[in-house]
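Colleague: Take a look at the following structure, please.
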Amino acid sequence: MDILNALVAFLNFVFIPAAAYGAQLALGALGVTLIYAILRFSNFAHGDTMAFGTAITILVTWGLQSLGVSLGPLPTALLALPVGIAATAVLVLGTDRAVYRFYRAQRAAPIIFVMASVGVMFVMNGLTRLLIGVDEQRFDDGARFIIAVRDFREWSGLAEGLALRSTQALTVVVTAIVCAALFWFLNRTKSGKAMRAYSDNEDLALLSGIDPERVVRLTWIIAAALMTIAGVLYGLDKSFRPFNYFQILLPIFAAAIVGGLGNPVGAIAGGFLVAFSEVAVTYPWVKVAGYLFPGWQPGGLLQLLGTEYKFAVSFVILIVVLLFRPTGLFSGKSV
Amino acid sequence: MKRLLLATAAGALLAGAAGAEEIKMGMSLGFTGPLESMAPGMAAGAELAMKEVSESGLLLDGSTVVPVQGDSTCTDAAAATATVERLITAEGVRGIVGGMCSGETIASLQNVAVPNGVVMISPSATSPALSTIDDNGLFFRTSPSDARQGEIMAEIMMEKGVQNAAVTYTNNDYGKGLADAFAAAFQEKGGTVTVNAAHDDGKADYSAEVAALAAAGGDALVVAGYVDQGGSGIVRAALDTGAFDRFVFPDGMVGQALVDNFGSEIDGSFGQNPAAEGEGRDKFLAMAEEAGFDGTSAYSAEAYDAAALMLLSMAAAKSSDPNVWKNSVMDVANAPGEQILPGDLAKALEIINGGGDVDYVGASAVEMVEPGESAGTFREVSFENGEMTVVGYR
């Protein structure tokens, strides 16, 4: 019984939240890594573009809700998602034409691209705030729980409760589908192979007749889809506030770099690694330990770091990886 | 040149000693920021008292009172300091109703009001830190310190049989002050605080914070935060994960928004916030309605009392110089003397001008304790069947 209690407490407070958060980071990191592989720069505007796509999706969701449209137990935002992706794709393609294409033609150094993307970040930042404001918005509807705490306790008779929110399950399922689709696209289709070829060697790809501008456009569209989906899932699961999307940039980059920049498998692994580290390091293990070792009375909470230092965990991971394994766990490109 | 200076000084003295003047009264309230919805009601309350005194024509030989508003922003200490600086040096106010939030009040008081010798009476800054601040007798408040609220909260919890509790507070002067005051009072009464942890406002997700609180455990969770901010996020995450289902809410959380957010999910929880009952309050509500604003708006009554106290103290000290009338505030606020309710300010001025003594009761049942703050009455509320009901006053 005690072992079951320990397991349930672990699932409820560590595994489920970290898995959902990890899936959100993985999607974000996939976008970053894709842009890095093909356009060859770190896109600092990633978080704020996620916020923009989410904001559009929220506005459309509200429109649908006022029309009385709903998806039953699923959130209405899923219906609005394609509109959000389309709008974001238009925005990033416009940004590419207005900003990045100029530097690409000049074959500018990557650091110049990065700085340009910081500028783009600030513009997107303002754009999102003009669109939807700075306040917190909630737009989740449909069923809140798949497993509610009270029901679980009654069903199992355990002291610990287990909650599984529908948004958490949705996040993991959608992430799995998106990842599968992306890998199928990259490995099986002609356009996907063209993108990989361009990523491996730009000049060789040019010689074999691949249109670079088309590859770039395709990359942006896929990245826009990844960003919007990641943003909407994050907003559904937690809450939408533009500033939080700026903050999430750090764990996303940590995830992409840990996995190896430019390596899609690495991005996914990195996302989960960062999420699980953040949650596990700031979780007080006293309760779980109490169930596993009933005779042991630890003095403290068995918490390695206070929850205020959650973001510091990504920093530490980032620094350690950059120092000892700059190409990441799955050998991407070195930064 | 010397003669000219002397003449000016003499002129100033004359003007100060006799004859009607135009007394400017500052207001440093958070008209923008996280409590912007409360500021207009507070300003209206303070202006109501100023108008009443001004129209009576009985203050310092018929002086008139002119309100000057300033925005303290509630969170930005630098902005609040600049506002108070402007009120004092550019507008030449003789007293300030404000500030609104504790951190901002501490900054503007220490940096501007104390060096310039101007009195501030805050209707709503409740941090215990303001009780011990070095203020040269220039700071008062018509709201009780959170130290008092901590005691009341501990008392209520003990009566309800909550013996151990986890505490989380919003990471600022208000939250920390209240949480520490509560923890001390609760432990003194024999309770156990399992954990006393901060949370930051404006986060997307509070599951990590709640996981920590849950690991420490407790019969109830005390949420010393803001209902429009992280406080609600904590409650949401705690309910979702089943970590706590009973909560204790201090003043920053008690409000209609809490019921709107959680409905019957928080049944069995309880809380308290400063609010007085009685004749003075009823009278103030009627006056507010006549003046066209909502007197039940948080800290509106306290703002009325802050302004009224300042003006009556000027009358009692026979001077509008803050360094002189600051010594009369406690006398005016407390017994002995004739009890003064809202709307009786003209009567109070008559008594004072005739050499009598007054005991200002006002809209929030003002009873000042050292070092210049309201002893405070609290309203106890409980949450049942998705509704907030007032249990009583203490």
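Every residue, even glycine, has its Cβ placed from backbone N, Cα and C.
What TrEMBL says about a protein is an automatic prediction, not a curated fact.
The annotation transmembrane segment is assigned in TrEMBL to A:6-39, A:51-71, A:77-99, A:111-132, A:168-186, A:215-236, A:242-261, A:268-286, A:306-324.
Give me the lay of the land around each of these features.
Modeller: Under 8 Å from some Cβ of the transmembrane segment (A:51-71) lie the Cβ atoms of residues 77-81, 83-85, 87-88, 91, 124-125, 127-128, 131-132, 137, 139, 141-142, 224, 227-228, 231-232, 234-235, 240, 242, 245-246, all in the same chain and six or more residues away from its ends.
When Cβ-Cβ distances below 8 Å are used as the criterion, the transmembrane segment (A:111-132) is approached by residues 39-45, 47-49, 51-52, 55-56, 58-59, 91, 95, 99-100, 103, 242, 245-246 of the same chain, each at least six residues removed from its ends.
Here the transmembrane segment (A:306-324) has Cβ contacts under 8 Å with residues 247, 250-251, 253-254, 257-258, 273-274, 277-278, 281-282, 335 of the same chain, all six or more residues outside its ends.
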Colleague: Could you pull out which residues elsewhere in the chain have a CB under 8 Å from any CB of the transmembrane segment (A:242-261), counting only those six or more residues past its ends?
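Modeller: For the transmembrane segment (A:242-261), the list is 25-26, 28-29, 32-33, 36-37, 42, 44, 46-48, 50-51, 54-55, 121, 125, 128-129, 132, 134, 231, 234, 267-271, 273-275, 278, 311, 314-315, 317-318, 321-322, 327-333, 335.
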Colleague: I need to check the long-range neighbours of the transmembrane segment (A:77-99): which residues 6 or more away from its ends have a CB within less than 8 Å of a CB in the stretch?
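Modeller: Residues 45, 49, 52-54, 56-58, 60-61, 63-64, 69, 71, 116, 119-120, 124, 139-140, 216-217, 220-221, 223-225, 227-229, 232, 235-236.
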